[in-house]
Amino acid sequence: MAQKPCPVNFPMEMTNKYLTKGTGFSLEEREKYKLTGLMPVNVETLDEQAARAIAHVRSFKKMLNKYIYMENLHSQNVKLFYKVLLDNVVELLPVLYTPTVGEACQKYGSIFRNFAGLYLSALERGRFAEVLDNWYEEPEIIVVTDGGRILGLGDQGAGGMGIPIGKLHLYCAGGGFRPSNTLPIQLDVGCDTKQVVEDPFYLGHRMPRVHGAEHEAFCDEFMAAVADKWPKCIIQFEDFQSEYALKYLERYRTKYIHFNDDVQGTAAIVTSGFINGMKAQGTELKDARVVMFGAGSSAVGVCTYLCNAMVAKGGLTFEEAKKRIYMIDSKGLITTTRGDKLNEWKSKFARNDGTAECPTLLDAIKLAKPNALFGLTGAGPVWKKEDIEALVAGCGGNGKPLIFPLSNPTSKAEVSIQQAVEWSKGRLLFASGSPFPAQEYEGKPVFASQCNNMFIFPGVGMGAKLSASTQITDSMLLAAAFVVADFVNADDIKRGKLYPDLHFLRHIGKWITKAVWDEAQKEGVAQIPPPTDVRRYIKDSFYDPEYCNCN
């Protein structure tokens, strides 16, 4: 007996995640849209629905289960999702982004529930423009990854899609973008991680990752297709391997409305903490010395922005500022006389002043006597007690060095806050990429600041959008860094607090939007000047989740 065709005329008001209100439809709306009887009779407010949803989230003990619940909610009712997120932003950011998103990417296939975004693979090469036509709404911002370097977890292939999804939640929550105008994209160029590809639930193209010219052609086709179809769309690259992150940033930064958050966003937020850390120490920026443990794209971006800050606020030239940086890779301190061939980005910060060879971090710390130690290796807990002790000793007196283990997720941090506090005997200014709990040492509090790009990129994106910028410049991101630094008051800085509280995320996003717009205008890349009452305009432009009256 032939099966009956499946019904396809279920009311759109119930099935469209951007339109639905669920139990929030009034009795009149239920009659109008033929929804009567399709849900319980009680009509709920958005607040009442949100109270139930957050209670569900709190009923789960495991962070991953909280994540799964929230992503399911997003696939069903977008307004309710953002209402819950904005009302509980401090509680839910660690659920929807770092550190939980790392585990979500590793288990992307096994926890997969609903489609979200676009997936472009080698099977669609040559017709990316045609595939883009399948998307139903014009995006204002795209976050795209090839899954090659997901946080500190390496090549996760198609599982990396969890990162663009999470980033765009933050663009909406912190930057005011309308959810329907955001688009996560996964460039499936294969995967070289055997464990990932052999997972029976893996959803990507099971082939070796493409490299070199083939990878470049893949990305060139993608960028051209997006720019042709959506010429005003901002394109943010995320979690590409270092060689491609820096190469594509230089390749596309003036041709498209493009930036790389791993390189530029990380650099901006670290610069914010660095500025406040130097204030807490009483150290002038021009006198600061930095050891950077790591030499990938993020580390190079950070060192570049630190130098830019020393130029802008310390009065140094860029070359003078570079001499304040000591960059370390797996072979030790990077110098021009070390004897190995350096790639282009390492060469930028290779010391050429006859500095002694330093094969270990400890050697470099003893040589440089730095005010700050930053870690961006993704190598896990590799800093040792003697490293931290030497760092503190180098500051002299009662000085407190900056200790920033910035690798994500938490398991990849170079040192834990517990170890750092113990080994430094409480003499430190601490910040990390993923959250750590606050500590005490001999009865005195030690702040566990979170140095996370989520403070930076939402407002940068909205500032670029409202100004209709033709490109996103380093100066625009540095302006965002200065806004975040200024959000921490002098008393808090003295107590060792280097970053704002997360519940200010949306407020900071609005201030960054204005600063970025002003800088875009100054740089000559803004096509729309700021209006007279720019703050009111920005406030009105930010998306707020609320149910409209559909009668």
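Cβ atoms here come from the backbone N, Cα and C positions, even for glycine.
Quick look at what TrEMBL lists:
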- 74-253: domain 'Malic enzyme N-terminal' (DOMAIN)
- Y97: active site, proton donor (ACT_SITE)
- R149, N408, N452: (S)-malate binding site (BINDING)
- E238, D239, D262: divalent metal cation binding site (BINDING)
- 263-521: domain 'Malic enzyme NAD-binding' (DOMAIN)
Of Y97, R149, N408, N452, i.e. the recorded positions, those within 10 Å of D239 (divalent metal cation binding site) when Cα atoms are compared:
R149
Within its own chain, what residues at least 6 apart in sequence put their Cβ under 8 Å from the Cβ of Y97 (active site, proton donor), listed in sequence order?
G166, K167, H169, L170, N452, M454
What is the separation, in Å, between the Cα atoms of N408 ((S)-malate binding site) and D262 (divalent metal cation binding site)?
11
Quick one: pull the CA-CA distance for R149 ((S)-malate binding site) versus E238 (divalent metal cation binding site), whole Å only.
9
What other residues of this chain sit with their CB within 8 A of the center of the CB atoms of E238, D239, D262, the recorded divalent metal cation site?
T145, R149, I150, I163, F237, F240, A245, N260, D261
Can you check how the pLDDT averages out over the domain 'Malic enzyme N-terminal' (74-253)?
96
Indicate whether Y97 (active site, proton donor) is helix, strand or coil by DSSP.
coil
(S)-malate site span - longest C-alpha distance across R149, N408, N452, in Å:
17
Please list, in sequence order, the residues in the chain of D262 (divalent metal cation binding site) that are at least six apart in sequence and whose C-beta is under 8 Å away from its C-beta.
R149, F237, E238, D239, F240, A245, S297, S298, G301
Taking 10 A as the limit, how many CB atoms besides its own sit near the CB of E238 (divalent metal cation binding site)?
25
